[in-house]
Amino acid sequence: MDLCIIGSGYVGLVSGACFAEVGHHVVCVDNDQRKVDALQAGKIPIYEPGLEDLVHRNVAAKRLRFTNSIQDGVDSSQVVFIAVPTPPQVDGSVDLTYIERVAREIAGVLKPGEYRVVVDKSTVPVKTGEKVADTIRRYNKGAEFDVVSNPEFLREGCAVPDLMNPDRVVIGSASQKATDLMKQVYEPFRAPILVTDVNSAELIKHAANSFLSLKISYINAVAAICEASGADVEMVADGIGMDKRIGRNFLNAGLGYGGSCFPKDVKAFIAISKQLGTPFKLLEEVERINAAQLNRFIDKVRNALWVLKDKQIAVWGLTFKPDTDDVRNSVAIELVNKLVAEGAHVTAYDPKGAEKAVEWKLIDPTKVKLAPTPLDAVKDAEALILATEWKEFSNVDFAEVKQSMHTPLVFDGRNLFDPETMAQFGFTYHAVGRAGGK
Ligand code: NAD
């Protein structure tokens with residue numbers, strides 16, 4: 001099939017590459033000329049395992065191309081996906097200006113007699129599909145189209161396998177013609193397809209991300225109780241997670257959830273529920289626990305080091321999770337900035353995220369030193385904080401780390417290390433909600 005994706009970011013680019021991989025012809029559109037130039041020159045603007053090969057292979061096979069022209073994309077495609085940002089506004093509600101603008105732009109290029117399915121893949125509040133359809137109709141009276149909701153559930157860091165083997169594909173549609181075309185798009189993936197009405201599909205995405213955030217806050221609240229009682233949250237999580245009704249995923253105590261999706265989607269769901277007159281107070285508590293988690297962790301560092309001013313602190317990890325270069329809303333970055341604000345001298349290391357953290361002005365490189373390796377970061381450090389659980393941190397030579405540090409003090413914000421092993425190496429080890437690492 002001929003497909004167009006408007007917005008070539010984490011969702012649009014990976015979706016486009018995966019659609020091309022299964023045999024569709026895909027045009028990825030973006031209004032960021034630098035991004036389009038880079039993609040046309042074979043450079044991949046984001047880090048996502050497996051993406052580079054996928055893009056190069058499909059460009060070479062002439063199934064994938066990039067443009068800045070919506071006209072080009074819409075003219076040459078039966079199905080037009082929207083994958084532009086939906087950031088939060090100050091009050092937590094969703095800023096839909098990107099979506100509205102794209103709807104108007106699509107309206108401007110739709111031709112009479114040329115039916116298109118317009119698919120919203122961005123995460124949007126319930127009832128956005130209706131507004132997109134109204135907008136297209138208002139700006140193009142004769143347009144022949146249907147609007148479908150197809151929320152995306154990929155996880156950054158494993159976006160390619162998630163898209164190639166989704167748990168489910170949700171198609172929210174009021175038109176049989178559009179549903180049939182969408183089923184054709186997804187047929188090669190052989191994934192379970194759930195067809196719903198548009199509103200339900202939109203709601204599924206916010207309800208899913210809010211539920212996952214709730215699981216994280218739940219285990220973090222349990223971690224606090226573990227710390228107060230001497231229990232071990234990892235054992236508790238194993239014990240409850242072995243119950244098939246609960247499951248072990250997303251029961252990892254740590255610094256709390258961050259990233260470009262969970263914080264904004266929980267906020268959005270709170271705002272949506274308020275607007276609909278059915279406030280979802282439980283989610284406000286989820287947010288409160290999440291915000292408290294980082295402060296509780298920094299308290300531990302303060303308890304051990306007393307005054308943070310002028311202390312040399314190494315931080316491993318800047319991205320919001322491993323295997324991505326995405327540093328948007330990263331708790332690791334928030335941690336670094338809080339330490340710096342208290343006058344600590346921070347040296348940070350991240351395998352993929354340091355460049356973007358500086359480029360997007362999320363950290364100030366005159367205040368935070370960036371190290372080229374984990375070992376460089378810990379030189380003369382009075383404490384090491386693990387903020388993102390990149391696999392390479394498990395494989396570091398801890399004898400060398402200990403020798404390099406001024407004081408062998410480790411704060412593990414993601415419960416990555418084994419408390420006994422850390423003790424054997426001679427570290428004073430603090431983890432989250434864990435016996436032997438209080
Ligand atoms: P992103 O910022 O990485 O990418 C968005 C792209 O859209 C950018 O390249 C931007 O230049 C482009 N864009 C903006 N306005 C445009 C326009 N008018 N015309 C053409 N291009 C335009 O964002 P993302 O992370 O891919 O997220 C996109 C949507 O998908 C959001 O609603 C997000 O909540 C949702 N989502 C994200 C993830 C994730 O893990 N990142 C997962 C599921 C859903």
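Just so it is clear, glycine is given a Cβ too, placed from its N, Cα and C backbone atoms.
Just so you know, TrEMBL annotations never went through curation; they're auto-generated.
Features reported for this protein in TrEMBL:
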BINDING   Asp30, Lys35, Thr86, Thr123, Glu156, Lys264, Arg328  NAD(+) binding site
BINDING   Phe153, Leu154, Arg155, Glu156, Lys205, Phe250, Leu251, Asn252, Ala253, Gly254, Gly258, Lys321  substrate binding site
ACT_SITE  Cys261  active site, nucleophile
DOMAIN    314-419  domain 'UDP-glucose/GDP-mannose dehydrogenase C-terminal'
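Shown on the structure are the features that TrEMBL records.
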residue	record	Cβ neighbours (10 Å)
Asp30	NAD(+) binding site	25
Lys35	NAD(+) binding site	19
Phe153	substrate binding site	16
Arg155	substrate binding site	14
Lys205	substrate binding site	27
Leu251	substrate binding site	20
Gly258	substrate binding site	24
Cys261	active site, nucleophile	25
Lys264	NAD(+) binding site	22
Arg328	NAD(+) binding site	22
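Relative to Arg328 (NAD(+) binding site), the recorded positions with Cα atoms inside 10 Å are Gly258, Cys261, the candidates having been Ala253, Gly258, Cys261. Among the binding-site residues Asp30, Lys35, Thr123, the ones whose Cα is located within 10 Å of the Cα of Lys205 (substrate binding site) are Thr123. Among the recorded positions Asp30, Thr86, Glu156, Lys205, Leu251, Cys261, the ones whose Cβ sits under 6 Å from an atom of ligand 1 are, in sequence order, Asp30, Thr86, Glu156, Cys261. Geometry remark: Ala253 (substrate binding site) versus Lys35 (NAD(+) binding site), CA distance 36 Å. For the substrate site listed in the record, the two most distant Cα atoms among Phe153, Leu154, Arg155, Glu156, Lys205, Phe250, Leu251, Asn252, Ala253, Gly254, Gly258, Lys321 lie 24 Å apart.
Spatial neighbours are here defined as Cα atoms within 10 angstroms of one another, and by that definition the neighbours of Cys261 (active site, nucleophile) among the binding-site residues Asp30, Lys35, Thr123, Leu251 are Thr123.
DSSP assigns Lys264 (NAD(+) binding site) to a helical segment in the three-state reduction.
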